[in-house]
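K.L.:
Dropping the structure in here first, questions after.
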Amino acid sequence: MALHVPKAPGFAQMLKEGAKHFSGLEEAVYRNIQACKELAQTTRTAYGPNGMNKMVINHLEKLFVTNDAATILRELEVQHPAAKMIVMASHMQEQEVGDGTNFVLVFAGALLELAEELLRIGLSVSEVIEGYEIACRKAHEILPNLVCCSAKNLRDVDEVSSLLRTSIMSKQYGNEVFLAKLIAQACVSIFPDSGHFNVDNIRVCKILGSGISSSSVLHGMVFKKETEGDVTSVKDAKIAVYSCPFDGTITETKGTVLIKTAEELMNFSKGEENLMDAQVKAIADTGANVVVTGGKVADMALHYANKYNIMLVRLNSKWDLRRLCKTVGATALPRLTPPVLEEMGHCDSVCLSEVGDTQVVVFKHEKEDGAISTIVLRGSTDNLMDDIERAVDDGVNTFKVLTRDKRLVPGGGATEIELAKQITSYGETCPGLEQYAIKKFAEAFEAIPRALAENSGVKANEVISKLYAVHQEGNKNVGLDIEAEVPAVKDMLEAGILDTYLGKYWAIKLATNAAVTVLRVDQIIMAKPAGGPKPPSGKKDWDDDQND
């Protein structure tokens, strides 16, 4: 009989064998802060237009080369629970605003780094948290006073493109003017009168070859597909959409047929042919000249479609089918029945075209009032086009934010330095120990212009001292000049480097909430990981290809 070994007294004896627990400042708080600092340091070098790219290979061995913090974090699959909280805050920023994810990480990391200094000199966690929350509220009070301009007309392509430039610059520095114009054209063309803009209505089609300057905007949809039949171009298209295969109905039972004469053999499939002919003719008689199907196309059905001059397009993706229905105003039919007028879609032209060496089917609306617009991106490599697509995504999300709130604040670290200056002054007036935390909160804002300066290769301390000097004189819109070879500053409003008010508001709020949540943790209790055999490493999950 095995000897019973008693567990050590204390918290551990209440837990299952193999469970771990950490408590106190040294074991829990400082450990969590260290993990968050490491994560923030990773993405900090990717901040701003001159940020470095990260090469990430995910669990499916897919390669990502990008400086987009949201993509990096999504593919890294962070496991540490405290670092995960900051990752979740950045995901919330992406859902709420669509841009500014790296700001959340860098700012939250700076807040925690400075909180550690305060804790080590003797402040309690509750005093640091209270100071941070007071400072966050103060920052939100100050922020409306820093608004330098507002978007006047969101239906003017030139004005919109100038406002989108900054968000694209951080991903595609050098191509921002061209891309901003493309995105502005796409967004303005489908911006409804109601003012409710849906980002899913801007589609991106990536076609390998040529260069980024060959990219274009189409009002309608583009699919990397070929037509099934002989008809490759239709003007004034009336479109019937089917979610079923374009084929005759067959019984599920199997049967054996005895054929005795040559005449019986000749007439054997004639009934099936006549039925298929009648079905396709009925569709053609409704006026439909384009059929889009979500299933396979039978050879016999294809023959009759060619006979009645019907253009056939097959889309394998049900999402593409839904988007096409939305674009052309059609209803997807589950059975091969003739569509009524209300179920048919319409667009100005459907044609098979060649972009580079890729065949594409284009559903085009000549008038700029279509429900969906497509940006056709060209590029030399897939990774480059993926990165351009992320820049387009940021630009479209910025337009969406501007439809909700047209206010803009100066970029380039100008807003952060002004907030730091004013919150520091406010901290001086606070009597309690919270004033130290309030001042550290203000100091954390310096992390943003510091990251911009370091990534641009100039001395950060010189830049920050110059910014403070200019802001003390009352120039609220002056920020870092990233194009200068020496530490220099310039007016961000004149340079057109502007951030959305909502983006800044939510980034400060979410970063502070994440930092405070991490600081509130004083114990970590981890159950023993579940046992059992590990899944074989060579085989992938059946649904892994969907995540790719």
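Numbering starts at 1 and runs along the chain as displayed.
Each Cβ is built from the backbone N, Cα and C atoms, and glycine gets one as well.
What you see is a predicted model, and the numbers here were worked out from it, not measured in a lab.
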K.L.:
Among Gly271, Gly287, Gly412, which residue does Swiss-Prot annotate as binding ATP together with Gly100, Thr101, Asn102, Ser170, Lys171, Asp499, Lys504?
P.N.:
Gly412
K.L.:
Which entry in the list of recorded positions, Ser170, Ser269, has its Cβ near the fewest other Cβ atoms, using 10 Å as the limit?
P.N.:
Ser269
K.L.:
Which of Ser23, Thr101, Asn102, Ser162, Ser317 has the fewest nearby Cβ atoms, counting only those within 10 Å, among these recorded positions?
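P.N.:
Lowest Cβ count within 10 Å among the recorded positions (Ser23, Thr101, Asn102, Ser162, Ser317) is Ser317.
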K.L.:
CA-CA, which of the recorded positions Lys224, Lys260, Ser269, Asp499 lies nearest Thr101 (ATP binding site)?
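P.N.:
Sorting the recorded positions by distance from Thr101 (ATP binding site), the top entry is Asp499.
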K.L.:
In sequence order, which same-chain residues at least six apart have a C-beta under 8 angstroms from Gly100 (ADP binding site)?
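P.N.:
Gly100 (ADP binding site) has long-range Cβ partners Gln93, Asp499, Gly503, Lys504, Trp506, Ala507.
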K.L.:
Select the most exposed residue of Lys224, Lys254, Lys466, where exposure means the fewest other Cβ atoms within 10 Å, treating these as the recorded positions.
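P.N.:
Per-residue Cβ counts within 10 Å for the recorded positions Lys224, Lys254, Lys466 bottom out at Lys254.
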K.L.:
For Ser317 (phosphoserine) and Asn102 (ADP binding site), determine the Cα separation and express it in whole Å.
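P.N.:
Checking the Cα atoms of Ser317 (phosphoserine) and Asn102 (ADP binding site) gives a distance of 33 Å.
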K.L.:
Do you know offhand how many angstrom separate Lys224 (SUMO2 cross-link) and Lys171 (ADP binding site) by C-alpha?
P.N.:
26
